[in-house]
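Q: What follows is a single structure, and I will ask about it in a moment.
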């Protein structure tokens, strides 16, 4: 696990250029609550995640995707967020699942969030990297675009390239849904579990908006070749994005 700082700022701004081909649809019509329904707050293009001492909250996209860009604006839990985890990730199902992870590990007031990233292929992770953000992710909404094509995965602070030809796994044969959740992980999230969740600050709230999937919708195994084909419709396969 490595901790990096503004060295990767250029990658963040590069991802903001991946807007071509996006079709905007509000969160209320493109995502569904998966658990913690009593804390649900979805209205138009706004989604609020909440956590109290009894339950957290989770939601997922209605569609699965294989390649493209997934854009979301996120504003994390402000103040004392120690023990909490706000998750934003793509994942398929099953033991041999693929996954592209963002987990935002909360911290005490005045201490930085930790951005925890990982990539799973065929159920195997162990590609974790952690970063301190160079901005306050709880002060305002920030763009966390995941760009994913047959050549590489680009997230705001990390690139994971396709070296499948060298025996290194790459997620290119399973559709993945977008998932997001807010949950209690004070057994490990903050300083390895030394700092516990301060429930006197509950409910904790994170906010999401502007979900824009400019991506290939998964329609079963036939999508493996269709979504990777270098056609004008598959803009993510063009040389500019490789």
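Every residue, even glycine, has its Cβ placed from backbone N, Cα and C.
Below, the features straight out of TrEMBL:
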ACT_SITE  99  active site, nucleophile
ACT_SITE  103  active site, proton donor
DOMAIN    1-208  domain 'GH16'
CARBOHYD  107  N-linked glycosylation site
SIGNAL    1-25  signal peptide
Q: Grab the pLDDT values for the domain 'GH16' (1-208) and give me their mean, rounded.
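A: It averages 89.
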Q: Round to the nearest Å and give the CA-to-CA distance linking residue 99 (active site, nucleophile) with residue 107 (N-linked glycosylation site).
A: 25
Q: Who sits close to residue 103 (active site, proton donor): which same-chain residues at least 6 apart have their Cβ under 8 Å from its Cβ?
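A: Result: 85, 86, 87, 88, 89, 115, 116, 117, 118.
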Q: I'd like to know which of these recorded positions, 99, 107, is least surrounded, judged by other CB atoms within 10 A.
A: 99
